[in-house]
Amino acid sequence: MAVANLTTEQAILSEVHKQNRNRRALRLWLGFVLLALFCLVLVGGATRLTNSGLSITEWKPIHGVIPPLSAAEWDEEFRLYQRIPEFQQLNSSMTVDEFKSIFWWEWAHRLIARGIGVIFALPLLYFWLTGRIEKRLRWPLVGILALGALQGFIGWWMVSSGLSVRTDVSQYRLATHLVMACLIFAGCMWIMRGLSPHSNDPAPARSSRGLAAAIAVFALFQIYLGALVAGLDAGFSYNTWPLMDGAVIPSDLLIQQPFWINAFENPKTVQFIHRIGAYTLFALVLINMVIALRTAPWTTHARRAVLLFALVTVQAAIGVATLLMQVPLHWGLLHQAGALVVFGFAVANWRGFYGEYPHETMIAERD
């Protein structure tokens with residue numbers, strides 16, 4: 001009997017070691033995907049801030065990978081751009097060479113997006129066929145792949161909003177596009193964190209997990225508000241801090257009717273709400289840090305709480321600097337990068353309260 005138990009124990013240990021090797025491979029893969037997604041969001045931000053998003057007026061999922069290669073092809077691409085309101089109303093004096101500078105941002109954004117589809121789908125297929133993906137993770141990963149495909153349609157849906165009447169894309173569709181990118185990012189982060197070893201430190205308080213969830217969700221909401229700010233060019237509405245045009249609450253926040261539409265279409269109101277959201281997020285991470293340091297100092301949870309507070313503080317400082325300098329490109333991109341770092345860490349922090357995925361073994365499955 002003892003020999004049988006020893007054999008069973010050895011078999012389980014062998015399976016666990018094998019799963020640990022597979023998990024390391026999956027973490028490396030998902031980490032690379034996260035890095036690519038981070039770059040994609042930054043290039044997307046640059047595309048928006050340089051007003052390049054409408055430079056490619058057709059959706060060519062396959063042969064759109066190849067850019068114009070001759071003067072005639074550039075002339076044809078430029079001719080298509082000349083048909084839309086953005087050129088006719090804002091850029092009518094633009095030359096082909098000037099057009100190229102905005103074309104390359106949008107082309108790079110689409111190319112990276114296609115590349116991410118490849119570096120996600122092909123390894124997923126390989127890991128699946130070779131049995132390296134645990135059963136519990138198969139369909140969640142397929143779900144992320146499906147969200148990626150949907151994101152491609154959302155991207156074109158966003159671009160199409162600026163091709164007929166508007167001179168820019170809809171801020172609603174822009175926000176949807178960015179939030180979807182963040183959800184895909186969060187899904188990859190959640191699974192990668194679950195595949196990583198966790199400490200055995202107890203949670204600081206009963207409310208810690210709920211507070212971690214609230215911080216992650218609110219960070220995503222702040223990103224949504226930031227997308228509205230970008231879509232409406234609301235960063236140029238008030239370029240003072242901490243007051244807005246000399247007041248704590250400006251007088252022209254509710255000038256549009258019905259009043260609720262101001263929260264989505266009045267640039268000044270949108271910036272005001274984004275500021276309030278930043279203060280709220282700062283308060284949440286401060287409360288989270290104080291609770292962790294008081295109830296569970298020197299634990300992994302406390303260290304994460306301190307780091308999260310530091311990240312939000314730096315991000316707030318970058319936001320203020322970007323505002324005061326009237327949104328220069330590099331600072332705007334730094335602010336967007338900071339938002340994704342804060343959100344990614346908030347998701348990882350939240351996932352940290354659930355522990356590592358239990359190992360799957362044939363013994364456990366039979367039991």
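Quick reminder: no glycine exception, Cβ is built from N, Cα and C everywhere.
The transmembrane segment feature in Swiss-Prot is assigned to 25-45, 111-131, 139-159, 174-194, 210-230, 272-292, 305-325, 327-347; the stated evidence is sequence analysis. Residues annotated as heme binding site in Swiss-Prot: HIS274, HIS335.
Here the transmembrane segment (25-45) has long-range neighbours at 105, 108-109, 112-113, 115-116, 119-120, 123, 127, 132-133, 137, 177-178, 181-182, 184-185, 188-189, 191-192, 195-196, 230, 332-333, 336-337, 340, 344, meaning same-chain residues at least 6 beyond its ends whose C-beta is under 8 angstroms from one of its own.
Highest Cβ contact count with the transmembrane segment (139-159) among the listed stretches 111-131, 174-194, 210-230, 305-325, 327-347 falls to 174-194 (criterion: pairs under 8 Å).
All chains included, 23 other C-beta atoms sit within 10 angstroms of the C-beta of HIS335 (heme binding site).
For the transmembrane segment (327-347), the neighbouring stretch richest in Cβ pairs under 8 Å, chosen from 174-194, 210-230, 272-292, is 210-230.
The list of residues near the transmembrane segment (210-230) in space but at least 6 beyond its ends in sequence, with Cβ under 8 angstroms from a Cβ of it, reads 45, 48-49, 171, 174-175, 177-179, 182-183, 186, 264, 267, 270-271, 273-274, 277-278, 280-281, 284-285, 287-288, 291, 308, 332, 335-336, 339-340, 342-343, 346-347, 349-350, 352-353. Sequence-distant contacts of the transmembrane segment (174-194) (same chain, six or more residues past either end, CB-CB distance under 8 Å): 26-27, 30-31, 33-34, 37-38, 40-41, 44, 48, 137, 140-141, 143-144, 147-148, 150-151, 154-155, 158, 216, 220, 223-224, 226-228, 230-231, 340, 343-344, 347-348, 351-352, 354, 356-357. Sequence-distant contacts (6 or more apart, same chain, Cβ under 8 Å) of HIS274 (heme binding site) comprise GLN222, LEU225, GLY226, LEU228, VAL229, ALA234.
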